[in-house]
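Enquirer: Okay, these came from Swiss-Prot:
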{"type": "BINDING", "residues": "S9, R42", "note": "L-glutamate binding site"}
{"type": "BINDING", "residues": "A76, R77, W102, T153, D173, Q196, N238, T239", "note": "pyridoxal 5'-phosphate binding site"}
{"type": "MOD_RES", "residues": "K197", "note": "N6-(pyridoxal phosphate)lysine"}
Amino acid sequence: MSQIFNFSSGPAMLPVEVLRRAEQELCNWRGLGTSVMEISHRSKEFIQVAEEAEKDFRDLLKIPSNYKVLFCHGGARGQFAAVPLNLLGQHGKADYVDGGYWAASAIKEAQKYCTPNVIDAKTTLNGLRAISPMNSWELSDDAAYVHFCPNETIDGIAIHETPDFGDKTVVADLSSTILSTPIDVSRYGVLYAGAQKNIGPAGLTLVVVREDLLGHARKELPSILDYTVLAENDSMFNTPPTFAWYLSGLVFKWLKEQGGVGELDKRNQAKADLLYGTIDSSDFYRNDVAVANRSRMNVPFQLADAALDKLFLEESFAAGLHALKGHRVVGGMRASIYNAMPLAGVKTLTDFMIDFERRHG
């Protein structure tokens, strides 16, 4: 079978080395004669998996010791509710930065629990979609926290600035960027990410929370979303998604073998440069996001003649380039190039794009 490159926005491509190891171990994990999916989450064997995964994740992100790491259910949408219910305390207000679809979704959920101060950061620059700089955001003095999403997967818009808001508690949805570039965890109060883009399969959510933010949950908060309950029970208040946890642990080890987040950051930049360079050098393709706010993970692009979209998708799929159809809100194409996507995959895509333009432009 020829090489297939999966450009899905999530669930996304996983490292082939990880998939092969999981395949080898699937029915007889560590010589136990059973699958890792079948053993108790409280067995010493799985506890070792869980502890190794947390240690590797901490090493990769350089997480300070005064932060808890939680392995949760519920995805980012679950965290849209968990964040306000855990952090608001007696506050009635939180700052929410609206940079696109997912930020707006977090705002909609937060409105059930508080009155968000919404900062609309969407703007245009020379006719291109952009995000206003952080120093222009009008934050509240009395907000419990400020929430933003650094990367909008649908719009292909990213906020590359590092937050510097003094002593404000900063919360970030890193679902599509986690482990793709180094970050200073100490700048944040809470980080959360669905696993299905840069970590592992769907079903697992990672939360990193500063310890001083624990213990302030609203009384109506379900225990399964309570950061304090999860921390006190080592993320095993109920049965966790064990197979997703195991596979994510394999991905963490793969990332360390590749050289860590710093090395992946270089690779991700090279992939993005190649793809955007191909788009920008052509009149046949276009990207409508200002250069300073272009996403390195999700690259939307349109053809000059939308009537060719269907043919582009058919021919690219036949060439082993899968899941390139853009989101219905934006249209066109979208290439998601997370950590597991090799440079060779992006090169295959750009070669196809150049050839398609030659034949149909």
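In case you wondered, yes, glycine gets a Cβ from its N, Cα and C as well.
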Enquirer: Under DSSP, is Q196 (pyridoxal 5'-phosphate binding site) part of a helix or a strand, or is it coil?
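Expert: Once the DSSP labels are grouped into three classes, Q196 (pyridoxal 5'-phosphate binding site) ends up as coil.
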Enquirer: Taking each of the recorded positions R42, R77, K197 in turn and counting other Cβ atoms within 10 Å of its Cβ, which one has the fewest?
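Expert: Each of the recorded positions R42, R77, K197 was scored; lowest Cβ tally within 10 Å is R42.
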Enquirer: If one measures from the C-alpha of T153 (pyridoxal 5'-phosphate binding site) to the C-alpha of S9 (L-glutamate binding site), what distance in angstrom results, rounded to a whole number?
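Expert: Given the Cα positions, T153 (pyridoxal 5'-phosphate binding site) is 7 Å from S9 (L-glutamate binding site).
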Enquirer: Taking Cα atoms as reference points, rank the recorded positions S9, R42, K197 by distance from D173 (pyridoxal 5'-phosphate binding site) and give the first.
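Expert: Comparing Cα positions, the candidate nearest D173 (pyridoxal 5'-phosphate binding site) turns out to be K197.
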Enquirer: Let me know the most crowded of the binding-site residues, choosing from T153, N238 and counting other Cβ atoms within 10 Å.
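Expert: Sorting the candidates by Cβ neighbours within 10 Å, the top entry is T153.
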Enquirer: Please report the number of other Cβ atoms within 10 Å of the Cβ of A76 (pyridoxal 5'-phosphate binding site).
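Expert: Taking all protein chains shown, A76 (pyridoxal 5'-phosphate binding site) has 21 Cβ neighbours within 10 Å.
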Enquirer: Which whole-number value in Å describes the distance between the Cα atoms of N238 (pyridoxal 5'-phosphate binding site) and R42 (L-glutamate binding site)?
Expert: 10
Enquirer: Taking every protein chain shown into account, which of the binding-site residues S9, Q196, T239 has the largest tally of Cβ atoms within 10 Å of its Cβ?
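Expert: Most Cβ neighbours within 10 Å: Q196.
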